[in-house]
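Okay, structure first, notes after.
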Amino acid sequence: MDEYLKSILHNNNAAVRVKRNIDDETVAGNSIKAPQTTESTSDAVPPLRIDGFRIEYAEKALEMEDGGVPSVRSDSPVTLRLFGTGIRRNTVVIFTHNPARYGGSCQVPVTEKFRVIHSEPGEKSGLVHIELPEVIKDKKYFYLCAKYEDNDPLAGSEETDQEASKVTPFLHQGADSWLRLTSYKPLLPLGLSILIICVCLVFSALFSGLNLGLMSLDRTDLKILCNTGTEKEQQYAKAIQPVRDHGNYLLCSILLGNVLVNSTFTILLDSLTSGLFAVLGSTIAIVIFGEITPQAVCSRHGLAVGAKTIMITKAVMLLTAPLSYPTSKILDYLLGKEIGNYYDRERLKELVKVTKDINDLDKDEVNVISGVLELRKKTVSDVMTRLEDAYMLPLDTVLDFETITDILKSGFSRIPVYQEEREDIVSILHIKDLAFVDPDDNIPVRQLCEFFRNSLHFVFYDQTLDVMFKEFKSGKIGHMAFIQSVNAEGEGDPFYETHGLITLEDVIEELIQAEIIDETDVYTDNRRKVRRERIKRQDFASFAHRPADQNVQRLRIGPQLMYATYQFISTAVPLFRLESMSETILRRLLGQNIYHQIKCKSKNRDEGLTIINRGTQIDFFVLILEGRVEVTVGKENLLFESGPFTYFGLQALVQSIGPDMSASTPQQIMGSLQSLDRDASIRHVFIPDYTVKAVTDVLYLQISRNLYQAAKRATLMERSQKLGDQSMEPIDYDAEVEKLMHSLDEGDHNSITPDATNRTVNSAAKASKSSSDAPSPTTALNDPTNNSNSSVTRNHTVLGHDNSSSAAAANEINIGASTSRVGGAGKPDSDPCSAPLLPKP
C-alpha cells in the first residue's frame, strides 16, 4: 500500500513541498525553509520532532490557502508524509487549533489520534493517514502535535510498564507556516448535490434531444407541415417554426446549455466521489441517458418533443443570449443564413421514387409526378407522330360512304388534309364536321375545308412540352399542332419543312406516363404501331353494296339504310336478335335478293298495290323500310297507316313466337337442328286477318320462311363449328350454307306472294291485287319510268309508330314494335355479299 501511494502521490501537483536540511540532505517538504538542527554524535536517541509534511494522497481535490497552506476536504481521507527526527512506528499525531512553540503542550486537541503506519529506517520520515474535521468557527488552521505511544502499553518489562502507566502528553510541533493545515467543507449538501446531479442529467438529455429533434426539422419541412400535416402536426409545427427560424441562435443556445449541465454534472459527481469514478460515471451516464436515449426518442418524435418543450427552449435561449446570440451572429456572417432544404427537378423526382415503398403513393401517382417533372425537359419532336405514320386525306378526296367509313375505322377525330404532297398540309378535317354530310352527295373534302376553315398551328421541333401544353390548354390553337423546322441545306432560300404532328393526347400521355386508349383507338401507340388487342368494332364498309354476281339484276339499297335495317332487325324483331341468329349470318341474309320497291304515280289512295292480302296465306315476313302503307285489320275493317320500320307476318316464319333461347352446347344445337327439320317437314300455314297496301312509294324487305330456316340452320352450324362439336358428321359448312342461301333465289317465284321487286302503279291501270296479275321482275326493271339500278341511299328518318287500333291486330301482326332504333348491338365484320358465312374448318 505504501509503495502504491508513493507512486501516485509523487506526481500530485497539489502536493506541498517542504524543505529541510537534515545531515546535509534536502528533504521535500513545505516551501518555507525549516530551522537548522544539529544532530548529536552521541549514542542518545534523537528527540521526536516534525519539521514538515507533504500530502501524499487526498481522496478529494486539494485547495491552497493564502501563504501556501494546503486545504483538504473535511472528513476526507488524506495521507501525509511527515519529515523530521525520531519518527517511528509508535509515533502518533493529533491536531489542534491552538498555535504554540515547539515542545508546547496540546491541551485542546480537535481530532483523534493518528498513528504512523510506515517509518523510514533513519526515522526521518513516515506516513500517516488522517481525516480532518471542519474548521471550528473563528479558527483557521490545524497544528500538529505528536508523541510516542506503544501499541500495547501493558506489554514489556517492568520499567516499561511503569513508563507506560504514566500519561505522556502530546508535544506541540510549532506554529510555523509550513506546519499549518486547514480543511474545507463541500459547497452544497449531499442531498442537494445529488438532486442537482439528477437535474443536470435530465437537462443534458433534453438539450441533446432538442439538438437532434429541432435542428433536424428543416424550415421547408416545417412550412409543409403547417399546411399539409395532421391537426396535431400543424399545431406542433406552428409552435416550433418561430424558434426554428433562428437556426444558428437556437443551435448555440442548445449546445451552450448542454455543455453547461454536463460540466456541472461531472464536477458535482467528482465532489461526491473519487476522480476516476467521477470520470467513468459521468461518461457512462451522459452517453446512455444524456445522448443515446433522448436522440433515439427525438429522431422518431422530435416534432412532438420540440413543441412540448418549446417554452424551456425559449428560456434557455434567453438565459444564454449574452454568449449564444453574438456567436450566432458570427455564424450568420461566416456561413450565411439558413434557407432550408430545396429540391430541384431531378432530386424531387428521385425523392418520390426512393420513398415509394414507405409513402402512400401508388405506381400511377409516381408516374404522374415523374411525368410532370420531365415535361419541361422533353420537346415536341420527342413525342410527335411522323407524317408517314399519320392518317391523312388528300384535298381532292370525295366524301362518299366508303371514304367516311374509312375515316371512322381510323379512329381519329382530327384528320390533316394535304395538297399534292403530304408535307403540304392545308387544313384539318374534324369528324364533327361530317355530322350534316350526306355520303350520297359526294361532297369533296376541299369544299368542306373551305366552309369550316379550321385553322392550322405550326410549332418548331425544339419547343418543350410544358409550353405546348399551355398552348393546347388555352384553346386558341385547337388540340393539334404540326412540327416544322427550317431547312437551310443546299442551294436556294431556306424553307419550312414539316416533320410530324402532335396532339393534346400525346402531351397528356407523357404527363401521366401511360397510353390513353379510348373506344375509337386502333393502336395503343401510334409511334410504335402497337395494335390494340381484342378490339371489335363495327365494320360499316360491310354494308356498302358490292354485288357478287353482276349478271343478276336486283334492287340495291344504300349502305346507310342497310346499316339501319341491320340495327333495327337485330334488336327489335325477336326472331332476328343476335341470341337467335348469328351476326354474320344475319348480314348475309340482308345481302340476299329480299328488297322490293313499289312506286305509285297515282294520288288516289285507293289505287295502291297490296303487299299482304287478308285471307290469303303467306309464308314471308315484311319490314317496311321507306314509304307509307295502309293497314286494314279484322272484320271491323279498322284502318290505320304505318310508316318505316313497321313489320308484318312474323308468325309466317315460325309456328309459335316465344322466347328463343340461345343454343350454347352441342346438345342444344343438335336439338335445334332436329326442331328445324321437323318444322320444315310440316307445312305451316299462316293466313293473316289484315291487309297491307302501299299508299306511297314503298321500299320494303321480304324474307320467306324457307330463307329464314336456312339462315337459322346456318347459325346453328356456325355455332357447332365454334364449339368444336365432333358428334355431327363432318361437312363443308361454307358450301352447305351457300347452297342453303343461294338456292332459294331460284325458287322465289314459287312463293305464295308475287314477286314485287319493283312495281309501278299508274293511275290509268290499277295493279291487280292477285298474285297472277303482278308484273314480273323483268317488266318492272325495264320500265323506263323507274331506275331500278339506282341505289336507295338517302338518309332515312326512322319513326316510331303505335299502331294499336286493335288489340288483336297488334298481337297478330306485331305492329307496335316499330321504334326509332337505328343503333344497336350489331357489329358486322365482313362483307355480307363476298365473305363466307362461316370460317373454314
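A Cβ is built for glycine as well, from the same backbone N, Cα and C atoms used for every other residue.
Here the structure is a predicted model, which means the values were calculated and not measured.
According to TrEMBL, the domain 'CNNM transmembrane' annotation covers 186-365.
Residues or ranges marked as transmembrane segment in TrEMBL: 190-214 (among others). A Cβ distance under 8 Å defines the sequence-distant neighbours of the transmembrane segment (190-214), meaning residues of its chain 6+ beyond its ends; these are 240, 243-244, 250-251, 254-255, 257-258, 261-262, 264-265, 268-269, 271-272, 285-286, 289-291, 293-295, 297-299, 301-303, 305-306, 309, 312-313, 316.
According to TrEMBL, the transmembrane segment annotation covers 248-269 (among others).
The transmembrane segment annotation in TrEMBL covers 275-293 (among others).
Residues or ranges marked as transmembrane segment by TrEMBL: 305-325 (among others).
Positions annotated as domain 'CBS' by TrEMBL: 384-445.
Sequence annotations record features per position, and here TrEMBL assigns domain 'Cyclic nucleotide-binding' to 577-680.
If you look up TrEMBL, you'll see 746-841 marked as region 'Disordered'.
What TrEMBL records for 750-762 (among others) is compositional bias 'Polar residues'.
Positions annotated as compositional bias 'Low complexity' by TrEMBL: 763-780.
If you look up TrEMBL, you'll see 781-796 (among others) marked as compositional bias 'Polar residues'.
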The transmembrane segment (248-269) touching the transmembrane segment (275-293) per 3+ Cβ pairs under 8 Å rule: yes
Summary of DSSP states over the domain 'CBS' (384-445), given as helix, strand and coil counts: 21 helix, 24 strand, 17 coil
Whole-number mean of pLDDT values that fall within the domain 'Cyclic nucleotide-binding' (577-680): 79
